[in-house]
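Peer 1: Got a structure here, written out as C-alpha cells. Questions coming.
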Amino acid sequence: MFYYLYDLYFNHLDSLRIFSYVTFRALMAGLTSMFVTFWLGHKVIDFLYGLKFRESVRDDGPKSHESKKGTPTMGGLLIIGSLLLSVLLWGNLKNSNIIVLSVFALCFSALGFADDYMKSVKKIKGGMKARTKFLLSILISLVFCILFFYYTGVIPTGHSGKIPFQITDLFFPFVKGPVLALGVFAIPFSILVIIGSSHAVNLTDGLDGLATGTVAISVVTLGIIAYVSGTPITANYLNIPYLPGAHEYSVFLSALAGALFGFLWFNAHPAQVFMGDTGSLFLGATLGMIVILLKKEILLLILGAIFVSEALSVILQVGSFKLTGKRIFKMAPLHHHFELGGVKETKIVIRFWIIAVILAIISLSTLKIQ
C-alpha cells in the first residue's frame, strides 16, 4: 500500500523515494510482522484457549509430551495474519506473483485450519480424511501452477539476462544454466514439490520451536536469493537466472520471517501456543511455491534437508515395518527418535537449528560455486 501511494501521489518527492526501495520495504515488512505478532500474541493465545482450540497428544508419543496436552493450537492464524497485513502495507501489489503467493498461502492455511478444527473442536481422530486433504492440496497446487506457468511467470523475450531459459526449465545447484527442459511435466513436478514440502514441514512440527525456527532460516535464505535473482547486476555477476520482479519476493519473505520470529517468542520451549496444521501446511507449501518462482526446486533438497530427512524417516519407518515387521527408528519422525534416545527436547531443537544454518550457508554458496 505504501509503495502504491508513493508511486501514485508522491513520486515527485525525493524525501519519500525510500518507499520505492525494495531493501527498505523488506526490512520494514519484517519488523512490522514481527511487532504485530508480539502485540497480538497473548490476545490470540487467550482467544484460541477460550474457543477450546487445544492440542491433543499422540497416544504412542513420548511421555514427556503429556504436559503439552491442552496447549492452544491453530497459532498459524497469527503467522498468516501478520504476514498478510505486512505484505499489504509494504509489498508492491502491482507484482502479480506477490498477490498469487499471498492468496495461495491463505488457501493452504485455510486447509490446515479445517483439519485442526476437526481434530480439536469436532474431536474427529486424525482430523480431515487423508485422501480429502491430499486431493484438496493437489487442487490448490494445480491452480497455482497453472496461473504461474501460463500467466504470472512468463518472462518477456529479451529479459532473461545472461542465461537464457524457459520458465519450465529445471536448474540444479552448482550447475550453470538449465539442466532439464520439463515442458508439459513442469506442472506435475511443481505440484509434487509443493505437496512434498507442505507435508514435510508438517511432519517437522513436533517439538517446541522446531518447525518455526528451521522454516525461518530457510525463508531468510530464500529472501536473499530472491533479491539477487531479481536484480540484473547481481544476477549477471553470479551467472544465475535473472528473474524480473523476483526481488519483490524478498519483501514477502521478510514479512514471513518476521512473523515466524515473532511467533517463536511464544512457541519456544515451553510452548504457549502451537502453529498446528494451520501454520505448518501453509509454511511448507509457501516454501515450495517460492522455490518454483525462483527456479530453485532442487536446491530445496539442500536448504530443506531437515524437512526431507523428517519425511524420509516416516517413509522408511512405514515401509520397513510393512515389509519386515521391524522398525528402523525408535519412533518417527526423526526428532522423536532422538527424543526417545534420551536427548532433551531443547537440545534437539537447537541442534536442528544449527544444521539449518549450515544448510543455508551451503545453499547460498551454490549461487557462486558452479
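Backbone N, Cα and C atoms are what each Cβ position is placed from, and that goes for glycine too.
What Swiss-Prot records for this protein is below:
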TRANSMEM  31-51  transmembrane segment
TRANSMEM  73-93  transmembrane segment
TRANSMEM  98-118  transmembrane segment
TRANSMEM  135-155  transmembrane segment
TRANSMEM  177-197  transmembrane segment
TRANSMEM  209-229  transmembrane segment
TRANSMEM  251-271  transmembrane segment
TRANSMEM  273-293  transmembrane segment
TRANSMEM  298-318  transmembrane segment
TRANSMEM  347-367  transmembrane segment
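Mind mapping these onto the model and telling me what they sit next to?
Peer 2: Tertiary neighbourhood of the transmembrane segment (98-118): same-chain residues 53, 73-74, 76-77, 80, 83-84, 87, 91-92, 124, 127-128, 133, 136-137, 140, 143-144, 147-148, 152, 198, 248-249, 251-252, 276-282, 285-286, 289-290, 293, selected by CB-CB distance under 8 Å and a gap of 6+ residues from either end.
For the transmembrane segment (177-197), the list of distant contacts is 134, 137-138, 141-142, 144-146, 148-149, 163, 165-171, 284-285, 287-289, 291-292, 297, 300, 304, 307, 311: same-chain residues at least six beyond its ends, Cβ to Cβ under 8 Å.
Within its own chain, the transmembrane segment (209-229) is flanked in space by residues 22-23, 26, 201, 235, 238, 240-243, 246-250, 253-254, 256-257, 260-261, 263-264, 267-269, 271, 275, 279-280, 283-284, 287, 290-291, 294-296, 303-304, 306-307, 335, 348-349, 352-353, 356-357, 360, 363-364, 367, which lie at least six positions past its ends and keep a Cβ under 8 Å from the stretch.
Same-chain residues lying 6 or more positions outside the transmembrane segment (273-293) and placing a CB less than 8 Å from one of its CB atoms are 41, 44-45, 48, 53, 55, 68, 71-80, 97, 101, 104-106, 108-109, 111-113, 115-116, 120, 127, 137, 140-141, 144-145, 148, 153, 190, 193-202, 204-205, 211-212, 215, 218-219, 222, 226, 243, 246, 249, 253, 256, 260, 263, 266-267, 299-300, 304, 307.
Nonlocal intrachain contacts for the transmembrane segment (298-318), taken as residues 6+ away from its ends with a CB within less than 8 angstroms of a stretch CB, comprise 170-173, 193, 196-197, 199-201, 203-204, 214, 218, 221-222, 284, 287-288, 291, 327-329, 332-335, 337, 352, 355-356, 359-360, 362-363, 366.
Remote same-chain residues near the transmembrane segment (347-367) are listed as 173-174, 207-210, 213-214, 217-218, 220-221, 224-225, 228, 238, 240, 269, 299, 302-306, 335, 338-339 (criterion: CB distance under 8 Å, separation of at least six residues from the stretch ends).
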Peer 1: Mind checking which residues reach the transmembrane segment (135-155)? Cβ under 8 Å, same chain, six or more beyond either end.
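Peer 2: Result: 96-97, 100, 104, 107-108, 111, 167-168, 186-187, 190-191, 194-195, 198-199, 243-244, 281, 285, 288-289, 292-293.
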